[in-house]
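Peer 1: Below is the structure I would like to discuss, written out as C-alpha cells.
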Amino acid sequence: MTDTADGGPPATDGGEPPDGSEFGVGEQDSDGQRIEFRGGKWASTVPLAFFIGWAILQSGVLGIGDTNGLVVGALIGTTLGMFLVRGDWKAYADTIFEGMTQRVAATAIVA
Amino acid sequence: MFAQTLQVGGFVEGLIFAADALNVGAATFPAAAFVLCGLLATGIGTGYGATVAFVTLFFPAGVLIGANPVLLFAAILSGAVFGDNLAPVSDTTIVSAVTQDADIGGVVASRFKYAIVAAVPAFAAYLIAGSVMSGVELEGAVALRESANALGLVHLLSMGIVIVTAVAGRHIVEAISWGLLVAVGFNLLFGLSSASDIVVFTVTEAGALSGLPVVEVGETAGVGGSLYAGAVGFFPLIVLTLLIVAMAQIMIRGGGFEAIQTFLLDRVATTVRRAELTMVLGTATINGMITINTAAEIAIAPYVARIGEKFNINGYRRANILDANTSALGYIFPWAGGVLVGYQVMVGPNGLGAQYGSEMVVNPIEVVPYVFHGWFLVAIFVLAAITGFGREYIPDRVSEEVSRA
C-alpha cells in the first residue's frame, strides 16, 4: 500500500450517510428543522465554544475542579446562543429539548 | 451506588490486605490499577462505570499504601480508555462499528494491535513514574492501614457477578443490579456493614418508626447511606450531560457541524494521508468540545464516514480511528465526562475527601499529562495516519453482516 496523491476515485456523492438510527445517528438529516443564526452557520457553535472557553478558564487556568461550575458555564452558553437566533426563538428552545431527549443522553447517564 | 455499597462493606480494607499479601507496593500499584481497571472496563463495557468503581475502591486503598494520588487516578482513567476502546459491548465500540458499516467482531479484532502498542509502553510508564513520584502523608493513614481485613474480599464475588453477567450479554443495568443485590446480602450476612450504612433516614425526634434499623435520631433530618451518596454524587454530571447534548444539537441544527465538514473536505482533506490525519484530529477536537464521548462520537461519525469514503478508506480502519480517539480524549481533559465521574466520587457527599481528608482529592487539571494510555493511543493514530501503518482500503476487506448487538 503506497501513498498516492489521491487514494482512489472519489465517490460521486460522498456515499450514503451511514445508518445508525438506533443511537440517534444521522437524525440531523431527517425532519431538518433548521435554526437561522445571525452571523451564519458558525454562530451555532457559540454555546459549545463558550462552554469550552469557560471550562478552560475554570479548570485549566484557575485550576478549579467543580462540576457545578461547568454546569453554570453550559447554562450561560446556551442562553447566549439564543440571542443570536434570527426569527422565532421557539425553534431554539425546541432544539434544546430535542437534544436532551436523544437516546444518547440517557445512554451516557446510565452507562 | 454499587461501588459505594462495596466501600461500606469493607472492600477497600480487603484490597489493602490483598496488596500487602501479594506484595504490591506503592510503586507498582498504579501500573496494577491500570491493568485491572482495563480488564474490568473491557469486561463490563463501560469506562465510566469502571472509573467509578476503581476511584471508590482501589484509589483510597492505593493512596493509603503510599501511591501518588495524581498518578493513580490517571492510571485508572487509562484503564477506562483501554476498556472503552476495546470492549465489544462498549457503546463507543458499537457506535464506531455501526456508523462505519463494519461488524463489531472484526472491528475489535482489527483494533487490538493499536490498543496493545499503546498499552505496553503505558504500563511501563506507570511502573517508572510510580517509582519516581511519591505519595502523600495522610493523617491517620497508619491506623487505616491496620484496618486491613481479608473479609472484605468477599466483594470480589460481587464484582465478579457484575462482570460475568455483563460478559454473558446481559445489559449493564441488569448486571449492576444483580451485583448490588449480592453486595447488600454479603454486607448484612457477614456483618460488614449495618443496614443504616446502606440507607438511613435521620429524624430529629424519636417516633413510632425509630425502632427500625434504618431510622436514626440525629441533629438534622435527612436521608443518607451508600445508596444515597452513590446516586447524589452524580447529579451535577447528569445535568451537565443533558446541557452538552443540547448544545451539540443546536450546533447540528444551526449548520455549525456542516460548516466544519465542508471546511475539512475542501481545504484540509486533500490526500489520503491528510484525510486520515483530518479524521484523527477532527475526532480528537470534537471530543475535546463535546466531552460526553458517546455523544461526540455520534456527532462526528457521519463526517468520518464521508471523508473516508471519498478516499476509499476501509470501514474497519475508519471505525478504529473514530473509536480510539473518542475513547482517549473522553478521559484526558479536566472537563471530560470520564474525568468528572471519578472526580465526583472524591468530592461528592460523603465522598473520599470527606472520609479521608483533602489529600484524597485530585484536581482534574493535574491528571492531564499522566493519562499515558490515552495520549499514546492518539499518538499512535497520528503516526499511523502519517505512515500508513495498518491502512486498508474498501476493496481490501469486506465487512461481514453489520450486527447491532
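Glycine too: its Cβ is placed from the backbone N, Cα and C atoms.
Caution: TrEMBL annotation is automatic and unverified by curators.
Pulled these from TrEMBL:
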{"type": "TRANSMEM", "residues": "B:15-40", "note": "transmembrane segment"}
{"type": "TRANSMEM", "residues": "B:52-82", "note": "transmembrane segment"}
{"type": "DOMAIN", "residues": "B:97-375", "note": "domain 'Na+/H+ antiporter NhaC-like C-terminal'"}
{"type": "TRANSMEM", "residues": "B:114-136", "note": "transmembrane segment"}
{"type": "TRANSMEM", "residues": "B:148-169", "note": "transmembrane segment"}
{"type": "TRANSMEM", "residues": "B:175-191", "note": "transmembrane segment"}
{"type": "TRANSMEM", "residues": "B:227-248", "note": "transmembrane segment"}
{"type": "TRANSMEM", "residues": "B:328-347", "note": "transmembrane segment"}
{"type": "TRANSMEM", "residues": "B:367-389", "note": "transmembrane segment"}
Peer 1: Are there residues at least six beyond either end of the transmembrane segment (B:367-389) with Cβ under 8 Å to its Cβ atoms? List them, or say none.
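Peer 2: Answer is 34, 38, 70-71, 73-75, 77-79, 81-82, 85, 114-115, 117-119, 121-122, 125-126, 129, 273, 276-277, 279-281, 284, 320-321, 324-325, 327-329, 331-334, 339.
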Peer 1: Which sequence-distant residues neighbour the transmembrane segment (B:52-82)? Criterion: at least 6 residues beyond either end, Cβ under 8 Å.
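Peer 2: Same-chain contacts beyond the flanks: 2-4, 6-7, 11-12, 15-16, 19-20, 24-27, 29-31, 33-42, 115, 119, 122, 126, 129-130, 133-136, 138, 141, 144-145, 159, 327-328, 330-332, 338-339, 341-342, 345-346, 352, 355-356, 359-360, 362, 366-367, 370-374, 377.
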Peer 1: Under an 8 Å Cβ to Cβ limit, what residues of the same chain, 6 or more beyond the ends of the transmembrane segment (B:175-191), are close to it?
Peer 2: 1-2, 5-6, 8-9, 44, 49, 151, 154-155, 157-159, 161-163, 165-166, 197-198
Peer 1: Please work out whether the transmembrane segment (B:227-248) lies in contact with the transmembrane segment (B:328-347), by counting C-beta pairs under 8 angstroms that are 6 or more apart in sequence and asking whether there are at least 3.
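Peer 2: Yes; at least 3 Cβ pairs under 8 Å.
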Peer 1: Quickly jot the same-chain residues contacting the transmembrane segment (B:328-347) by Cβ under 8 Å, restricted to those at least six beyond its ends, or write none.
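Peer 2: For the transmembrane segment (B:328-347), the list is 3, 47-48, 51-52, 54-56, 59, 73, 76-78, 80-81, 84-85, 92, 233-234, 236-237, 240-241, 283-284, 287-288, 291-293, 296, 353, 360-365, 367-368, 371, 373-375, 377-378.
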Peer 1: Take the transmembrane segment (B:114-136) and find every residue of the same chain, 6 or more past its ends, with a Cβ under 8 Å from one of its Cβ atoms.
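Peer 2: Long-range Cβ neighbours of the transmembrane segment (B:114-136): 26-31, 34-35, 38, 63, 65-71, 75, 78, 82, 85-86, 320, 324, 359, 370, 372-373, 376-377, 379-381, 384, 390.
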Peer 1: Can you give me the average pLDDT across the domain 'Na+/H+ antiporter NhaC-like C-terminal' (B:97-375), rounded to a whole number?
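Peer 2: That region's mean pLDDT is 84.
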